[in-house]
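Asker: The structure is given below, and queries will be raised subsequently.
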Amino acid sequence: MIKLIVGLGNPGAEYTATRHNAGFWLIDQLAREAGTTLRDERRFHGFYAKARLYGEEVHLLEPMTYMNRSGQSVVALAHFFKILPDQILVAHDELDLPPGTVKLKLGGGSGGHNGLKDISAHLSTQQYWRLRIGIGHPRDLIPDSARAGAKPDVANFVLKPPRKEEQDLIDASIERALAVMPVVVKGELERAMMQLHRNP
């Protein structure tokens with residue numbers, strides 16, 4: 001059963017619309033669905049709400065520590081409520097998936113994502129659930145003729161807003177993720193994966 005859903009992003013208005021904040025976008029939607037409001041909770045170093053989602057009690061969290069210190073926030077809440085790593089779902093932007101794609105998985109490496117890297121370090125395990133929201137990779141924007149030897153600027157890419165057509169695809173993928181949340185919060189993760197991965 002999933003007891004904590006974390007969305008990753010950076011605090012501050014200048015980051016709100018950037019690709020790196022896709023995890024925050026999902027949490028904002030979940031809070032709206034639950035009819036609750038995230039509030040600044042200093043002991044958890046983030047914005048937090050206890051929500052009733054689809055008949056289950058779930059903690060929602062947006063760390064306000066900046067991305068590379070997300071683990072500080074996650075572990076503070078997990079320890080306080082005695083939540084185990086495999087009861088945690090972390091929603092984050094995923095460079096290795098195109099916009100419009102969303103995938104669910106348990107464990108694995110960080111794939112260069114500093115938020116995941118810090119969470120794994122603080123939890124002392126990689127065995128927590130991830131909801132990977134595809135944002136695409138900057139290399140995909142380089143013409144084939146210019147790709148040889150090109151070094152895409154990933155840091156700049158994730159800290160910029162998506163183009164409108166990309167945003168529409170990302171929004172649609174978040175809607176698909178929301179559609180499987182009733183199954184996710186009940187702990188039927190394999191079923192949720194089958195439903196989610198049937199679609200691109």
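The backbone N, Cα and C atoms fix where each Cβ goes, glycine too.
So Swiss-Prot lists these for the protein:
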- ASN10: site 'Discriminates between blocked and unblocked aminoacyl-tRNA' (SITE)
- TYR15, TYR66, ASN68, ASN114: tRNA binding site (BINDING)
- HIS20: active site, proton acceptor (ACT_SITE)
- ASP93: site 'Stabilizes the basic form of H active site to accept a proton' (SITE)
Asker: Which residues, same chain and not among TYR15, TYR66, ASN68, ASN114, have a CB within 8 angstroms of the centroid of the CB atoms at the recorded tRNA site?
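Answerer: Counting only non-site residues, the set is ASN10, HIS20, THR65, MET67, ARG69, SER70, GLY115.
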Asker: If you compare CA-to-CA distances from TYR66 (tRNA binding site) to each of the recorded positions ASN10, HIS20, ASP93, which comes out shortest?
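Answerer: Of the recorded positions ASN10, HIS20, ASP93, ASN10 has its Cα closest to that of TYR66 (tRNA binding site).
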Asker: Sequence gap of 6 or more, Cβ distance under 8 Å: name the residues on the same chain that satisfy this around ASP93 (site 'Stabilizes the basic form of H active site to accept a proton'), in order along the sequence.
Answerer: LEU8, ARG19, HIS20, ASN21, ALA22, GLY23, HIS113, ILE133, ILE135, VAL158
Asker: Helix, strand or coil for TYR66 (tRNA binding site)? Use DSSP.
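Answerer: Where TYR66 (tRNA binding site) sits, the three-state DSSP reduction gives coil.
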Asker: State the Cα to Cα distance, in Å, between ASN10 (site 'Discriminates between blocked and unblocked aminoacyl-tRNA') and ASN68 (tRNA binding site), rounded to an integer.
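Answerer: ASN10 (site 'Discriminates between blocked and unblocked aminoacyl-tRNA') and ASN68 (tRNA binding site) have their Cα atoms 9 Å apart.
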Asker: So which one is it: of the binding-site residues ASN68, ASN114, which has the fewest other Cβ atoms within 10 Å?
Answerer: ASN68
Asker: Once the chains shown are all counted, how many other Cβ atoms turn up within 10 Å of the Cβ of TYR66 (tRNA binding site)?
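Answerer: Around the Cβ of TYR66 (tRNA binding site), 16 other Cβ atoms lie within 10 Å.
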